[in-house]
Amino acid sequence: MCGIWALFGSDECLSVQCLSAMKIAHRGPDAFRFENVNGFTNCCFGFHRLAVVDQLYGMQPIRVKKFPYLWLCYNGEIYNFKQLQKQFGFEYQTLGDGEVILHLYNRGGIEQTASMLDGVFAFILLDTANRKVFLARDTYGVRPLFKVLTDDGFLGVCSEAKGLINLKHSTSLRPKVEPFLPGHYEVLDLKPSGKVASVELVKFHSYKDEPLHAACDTVENLPSGFDLETVKSNIRILFENAVRKRLMAHRRIGCLLSGGLDSSLVAAVLLKLMKEINISYPLQTFAIGMENSPDLLAARKVAAHIGSEHHEVIFNSEEGIQAIEDVIFALETYDITTIRASIGMYLVSKYIRKKTDSVVIFSGEGSDELTQGYIYFHKAPSPEEAAEESERLLKELYLFDVLRADRTTAAHGLELRVPFLDHRFTSYYLSLPAELRIPKNGIEKYLLRQSFEDSNLLPKEILWRPKEAFSDGIASVKKSWFSILQDYIDQQVDDLLLEKAAEKYPFNPPKTKESYYYRQIFEKHYSGQSSWLPHYWMPRWVKATDPSARTLKHYKSATQE
């Protein structure tokens with residue numbers, strides 16, 4: 001996890017523009033560098049470093065003697081950099097996983113480069129010899145990337161939008177800042193003036209397809225066929241492999257643990273593998289909630305079962321409410337459910353940074369979208385429509401759950417790892433017949449739970465624990481976090497303001513006091529940028545005006561069938 005920033009063709013003084021790069025300093029608290037590009041006086045890179053792999057030679061932009069014309073700024077982890085080295089005979093100059101991008105590009109161009117990377121990444125690659133700039137982002141957008149490109153060819157690129165919104169440019173008052181699409185790369189021509197022109201934007205990987213890099217994965221060909229025992233075995237093998245490859249780190253590994261199925265599975269497999277490879281320190285697990293919340297109690301049970309060094313972060317309603325503005329600033333969104341769910345994650349990340357030495361943090365993001373974990377999947381009209389909805393959710397992860405997970409951890413200089421979004425694992429799961437993947441017997445994620453039933457990784461009551469709405473899981477039993485927020489915000493937003501909300505905010509107008517309150521804070525920091533969120537996250541197949549599962553009529557019936 002780092003912060004990357006670059007400008008090409010800036011008309012303004014670079015020393016003034018560079019102040020914008022400091023807006024993402026939280027992403028890389030260990031080191032910082034600006035570097036101008038030789039021969040292009042109005043082009044420069046900025047880099048904030050979190051040293052996780054190759055602490056000595058991992059500074060960026062990465063340049064190696066063999067390719068003096070290549071400059072690379074990247075944020076991410078490439079899990080197969082050693083396998084690629086073996087396969088193609090690359091000679092690395094550093095111990096860093098990102099150097100492989102330069103070798104792959106030199107060998108086969110940008111398309112092969114992006115397709116062969118097994119990991120999460122966002123990068124800017126500059127080829128001064130051929131006057132090209134390349135941008136690329138991983139399949140699910142686990143690593144963030146934003147860009148601004150003006151009509152006259154000024155390009156700004158940054159890990160977070162906040163590093164671009166105050167850039168000055170002569171031809172426009174405010175250049176349009178947009179998220180770079182996951183699973184794509186862009187090719188731009190670089191002119192002698194340092195300005196650029198976009199040549200093409202290409203989708204290099206679709207998540208239903210097995211990735212090209214599967215050819216050099218450590219897991220050999222799996223047995224084919226859809227009989228249940230084969231499928232369950234393959235799911236276990238691929239998930240374990242997804243966790244194993246993410247152990248690559250020179251900093252301490254920890255794990256978020258809500259006590260729900262997803263984070264519990266990640267923690268249990270992670271601890272098992274850490275023991276196998278003799279990692280000397282205990283695994284720290286982290287749970288957050290209000291006093292006696294369901295999540296805290298369940299997480300305690302899991303931690304005791306797997307034997308982790310467990311930390312509980314207890315917060316009260318006042319602390320949660322006080323964090324709202326900081327959370328919205330960190331997130332760069334006004335989506336209702338994203339903000340609600342981010343508050344706990346933001347506070348637990350703050351605790352990890354201040355009180356422990358864990359830096360690389362594992363988490364269960366992506367599972368609900370992939371394995372049909374949301375409560376409303378019980379209402380899917382058919383297995384085929386459920387499968388389509390699962391794909392839509394995965395496609396939009398970078399706007400919602402993946403955005404939440406990245407920004408809340410990055411705000412405190414932590415690096416997030418999400419095994420459920422491993423390419424091999426997701427492409428296999430999505431290849432299974434739609435009928436196999438739907439909720440069964442009133443229980444969501446039935447297939448995933450079944451796959452680990454005989455593994456003894458988790459207590460049975462955790463493995464089969466129904467999904468909690470996140471805002472309820474972290475709350476006290478007496479009063480849900482959802483209710484606490486409603487009561488507070490009701491006092492902050494006047495009825496009249498809500499009535500006129502559509503006039504003030506015609507795009508995605510707020511329909512509730514809560515969404516109005518969040519939108520006001522968002523506009524304070526990111527005025528006029530409402531298009532970053534194309535639509536609010538809402539459940540399908542039910543009449544819902546609020547994203548909380550607690551407001552859905554079938555919440556109780558779905559868990560008690």
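Heads up, the Cβ atoms here are built off N, Cα and C, so glycines get one too.
According to TrEMBL, the features are:
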DOMAIN    2-191  domain 'Glutamine amidotransferase type-2'
ACT_SITE  C2  active site, for GATase activity
BINDING   D97  L-glutamine binding site
BINDING   L256, I288, S363, G364  ATP binding site
SITE      E365  site 'Important for beta-aspartyl-AMP intermediate formation'
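Between I288 (ATP binding site) and D97 (L-glutamine binding site), the C-alpha separation comes to 32 Å. On the backbone, the CA of C2 (active site, for GATase activity) and the CA of the residue listed as 'L-glutamine binding site' stand 13 Å apart. Every protein chain considered, the tally of other Cβ atoms within 10 Å of the Cβ of C2 (active site, for GATase activity) stands at 27. Largest CA to CA distance in the ATP binding set (L256, I288, S363, G364): 15 Å, whole number.
Of the chain residues outside the ATP site list L256, I288, S363, G364, C255, L257, S258, S263, F286, M345, V348, I361, F362, E365 have their Cβ within 8 Å of the site's Cβ mean position. For the domain 'Glutamine amidotransferase type-2' (2-191), the mean pLDDT of the prediction comes to 88. Using a 10 Å radius centred on the Cβ of S363 (ATP binding site) and all shown protein chains, the other Cβ atoms total 25.
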